[in-house]
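A.B. asks: Sharing a structure, written as structure tokens. Questions coming.
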């Protein structure tokens, strides 16, 4: 009996350690902007930035990230996750590499991965969630009194602040609905049920009013404008005393240059032949946007730009949640 309990505890430790080792695409893009990373020079591969296989193990301690220009950038593993996992293509601990990862469900889950490497909820159970790595789903199961928490991407004790979150598809047949707790994840509704899941591009969230992914400013920095190769958004904190209050400025690159999301600056247009030569407007637009967030709500403001250059601000209220599962 004690041996069985020890195996269960070890399996739980493996699962929690594995979840900590799995990096999302957004975190890897942030890592790629640091000075400790460099462009691949030896044993490089041509990669497709629009494909599913954006990550690979360059060697035992380095990950190769496919950038938007089709070149690879190297990310060195360090700290508690010093080596590249040969199956998941993410930095992991030596303990996890040598273990059989027994707590991950061995059965092939009946889940279709969206194109983004990320965490996804189960459409039917609050106690299940998935991590998609290069199109392959890995299923995780929480304990009977726990639910999936999208803020930490892990299991947590169910409570009023960590409720059971489900897609709300009632009366939304044929439309997209966001996942409460993570508006970058959304699903198509049919017969009042979520039937297929999707993920917005990096830096965007789904806006249910117009059924499109829109730019989201949640921290200071630069965000790619996915509607224009030569534009980007600059997010700056409005006032020091307001933790999540931002000013969003839509800026343009100089002529014959485009914005590189990985490098976080404008580069010569020749590096992106898929972008047509444009003459961007020299006028920058500043739009004050408030983003308020706490442990129980995800009420945020987002911006959307129309082709004629008009920018508007829309606020999304937190979705109703339920404690049932």
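Numbering starts at 1 and runs along the chain as it is shown here.
Heads up, the Cβ atoms here are built off N, Cα and C, so glycines get one too.
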A.B. asks: From the ranges 252-276, 277-301, pick the one that TrEMBL records as region 'Disordered'.
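C.D. replies: Per TrEMBL, the stretch marked region 'Disordered' is 277-301.
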A.B. asks: Please work out the helix, strand and coil residue numbers for the domain 'Chitin-binding type-2' (214-277) from the DSSP assignment.
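C.D. replies: Going by DSSP assignments, the domain 'Chitin-binding type-2' (214-277) contains 3 helix, 30 strand, 31 coil.
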